[in-house]
Amino acid sequence: MACLLETPIRMSVLSEVTASSRHYVDRLFDPDPQKVLQGVIDMKNAVIGNNKQKANLIVLGAVPRLLYLLQQETSSTELKTECAVVLGSLAMGTENNVKSLLDCHIIPALLQGLLSPDLKFIEACLRCPRTIFTSPVTPEELLYTDATVIPHLMALLSRSRYTQEYICQIFSHCCKGPDHQTILFNHGAVQNIAHLLTSLSYKVRMQALKCFSVLAFENPQVSMTLVNVLVDGELLPQIFVKMLQRDKPIEMQLTSAKCLTYMCRAGAIRTDDNCIVLKTLPCLVRMCSKERLLEERVEGAETLAYLIEPDVELQRIASITDHLIAMLADYFKYPSSVSAITDIKRLDHDLKHAHELRQAAFKLYASLGANDEDIRKKIIETENMMDRIVTGLSESSVKVRLAAVRCLHSLSRSVQQLRTSFQDHAVWKPLMKVLQNAPDEILVVASSMLCNLLLEFSPSKEPILESGAVELLCGLTQSENPALRVNGIWALMNTAFQAEQKIKADILRSLSTEQLFRLLSDSDLNVLMKTLGLLRNLLSTRPHIDKIMSTHGKQIMQAVTLILEGEHNIEVKEQTLCILANIADGTTAKDLIMTNDDILQKIKYYMGHSHVKLQLAAMFCISNLIWNEEEGSQERQDKLRDMGIVDILHKLSQSPDSNLCDKAKMALQQYLA
């Protein structure tokens, strides 16, 4: 059967491969070098703009032969150059073409060609990898495999405007992350590329600008250097500002704004600098206008969101610039009408990419509403905004869902909105759906937002708990992702705050004592702190304290002992002592402290600690244990006096810290009463 099946498959492939395509490849093997050269030139003309022909030639094995000719010392420079040109043309086809070229190890061969003294050949050898590296299927690491390549490319920057354009383009596509930035920076990228910003060639200026944007992104070292670079007597930020003026091409305005944004976010330019407030921010707002192309609006909104994200003043300025909040509402109505876009190709492109606009709008709304209550109110009052966000939570695109959750999370920081809009639109329902099955990046933001919805004043708290939130959150605490563990335990902490005994019992049952112990020994400090916060909230109000300690007392006391003995910071120890103070406030629970000499000695030790916070927390424990109005107080006071606690209280009553002094005096009063 296998033999019978093979024939039609081979026939279908071969039917695609025309006789003329075979003829082109056959000529590459001619013994006459002139005929080979002419064959390569004819092949070059045949493949221009013809993807089918490119695919045919690749299937017929043209690539290995072209690479062989390119690397042969006996080949003339003209032949080598033409081979590089054809390979560059083949790379401009489909992604499959690029994969085929990569499989033939084209990059090392072309980079080797850069050692030639011939400029035309060098340019052809650069043009092809420039095309290959711009493809998403090409691993950037191929540029960094040989350590001699980057310094050689830096040296070639001075050869011609084409070497400048292609090399900058290669750098901007292959600079992904801090390791690549460091390599390029250490090989003099800033000094070698800076002067290209004043090149007569627009393409060179543009590629140099793109280089600086990827070099500066989240990189303080590069950004701090860029601020002080002079080009023809002008500082780089001044050059970038000139490049984002309205009379410059949009691509240049946008990329300059990105450079200044990244330098600002990296701490090299102040957020209140005029070049940010009066130039960069207004330029990015302009890019959000509906007159701009879809990709310009997307890039403008996303860059602006990144610029203003940490700074409340920039958020306020942006929110009142050119009616930005209303302008972003248009991102959800795009394209508004078929007649508005006469170019059918453009319409088709925009319909396929309209989700990117929604994603960008959500991102910018999230940044705008991060801090200011009035801005959040304006966003929510924008037409159908809550409905749009809720719809965004169930979009097929993961990126849109993530941006919608982030936007909702930003708005959920408002007490007012949690009580009104979030309740009116039952936001918790789609959010719980998102939490059932989503990638980690969405889960982190969605669970963080759930923490806000579970705050005690939120009307959504009750229905969320009724829909099985406790179990879901306990599941998150077992995640390998520390951010999810933190959010799971944080949300449980909020749930336990002033909760009924039944909810607290549900939490302890679903979480299990074993998991609680695991969380208390978690290597992530945030997880530990939130777990202590949860315990503190569980152990509040006397009946609850006594009930929980009657069933889990032994394990909780064990955990407290371990933490107080461990190498933990002041905040962790303070929280732990506060838990002890809560236990000491129980009616029967306090016996677990009084019968544990080890714990009593630890409380005594922390009363004499050098840190006031720990002394105060230990004082709360003592005050709760000796309070006069409670049964058995006399025996407890006597035992603590025998331990030397009263002497310590006398010392603390002389403390320069007024709070500590008052608490000590109040405790001593209990002995005198």
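Every residue gets a Cβ built from N, Cα and C, even glycine.
Sequence annotations record features per position, and here Swiss-Prot assigns N-acetylalanine to ALA2. Per Swiss-Prot, repeat 'ARM 1' is recorded for 51-92. What Swiss-Prot lists as repeat 'ARM 2' is 95-134. The annotation repeat 'ARM 4' is assigned in Swiss-Prot to 178-217. According to Swiss-Prot, the feature repeat 'ARM 5' maps to 224-265. Feature annotation from Swiss-Prot assigns repeat 'ARM 6' to 269-309. Feature annotation from Swiss-Prot assigns repeat 'ARM 7' to 313-352. Swiss-Prot lists SER337, SER512 with the feature phosphoserine, giving similarity to another entry as the kind of evidence. Annotation comment: Swiss-Prot describes 416-455 as repeat 'ARM 9'. Residues or ranges marked as repeat 'ARM 10' by Swiss-Prot: 458-497. What Swiss-Prot records for 501-540 is repeat 'ARM 11'. The repeat 'ARM 12' annotation in Swiss-Prot covers 543-585. The repeat 'ARM 13' annotation in Swiss-Prot covers 588-627. Taken from Swiss-Prot, the feature repeat 'ARM 14' covers 634-673.
For the repeat 'ARM 6' (269-309), the DSSP-based tally of helix, strand and coil residues reads 28 helix, 0 strand, 13 coil. With a cut-off of 8 Å between Cβ atoms, the residues of this chain six or more beyond the repeat 'ARM 2' (95-134) that come close are 51, 54-55, 58, 63-64, 67, 70-71, 77, 80-81, 84-85, 87-88, 140, 142-143, 145-146, 149, 152-153, 156, 159-160, 162-163, 166-167, 169-170, 173-174. For the repeat 'ARM 12' (543-585), the model's average pLDDT works out to 93.
Outside the repeat 'ARM 11' (501-540), and at least 6 residues removed from its termini, the chain residues within Cβ reach (under 8 Å) are 465, 470-471, 474, 477-478, 482, 485-486, 489-490, 492-493, 495, 547-549, 551-552, 555-556, 559, 562-563, 568-569, 571-572, 575-576, 578-579, 582-583, 586, 589. Applying DSSP to the repeat 'ARM 1' (51-92) sorts its residues as follows: 34 helix, 0 strand, 8 coil.
In the repeat 'ARM 14' (634-673), helix, strand and coil residues by DSSP number 32 helix, 0 strand, 8 coil. Sequence-distant contacts of the repeat 'ARM 5' (224-265) (same chain, six or more residues past either end, CB-CB distance under 8 Å): 185, 190-191, 194-195, 197-198, 202, 205-206, 209-210, 212-213, 215-218, 271, 273, 275-276, 279-280, 283-284, 286-287, 292-293, 296, 299-300, 303, 306-307, 309-310. In the three-state DSSP assignment, the secondary structure recorded for SER512 (phosphoserine) is coil. DSSP states for the repeat 'ARM 10' (458-497), grouped as helix (H, G, I), strand (E, B) and coil, give 29 helix, 0 strand, 11 coil. Away from its own ends, the repeat 'ARM 9' (416-455) comes close to residues 373, 376-377, 380, 386-387, 389-390, 393-394, 398, 401-402, 405-406, 408-409, 461, 463-465, 467, 469, 472-473, 476, 479, 481, 483-484, 487-488, 490-491, 494-495, 497 of its chain (Cβ-Cβ under 8 Å, at least six residues beyond either end). Taken through DSSP, the repeat 'ARM 7' (313-352) splits into 29 helix, 0 strand, 11 coil.
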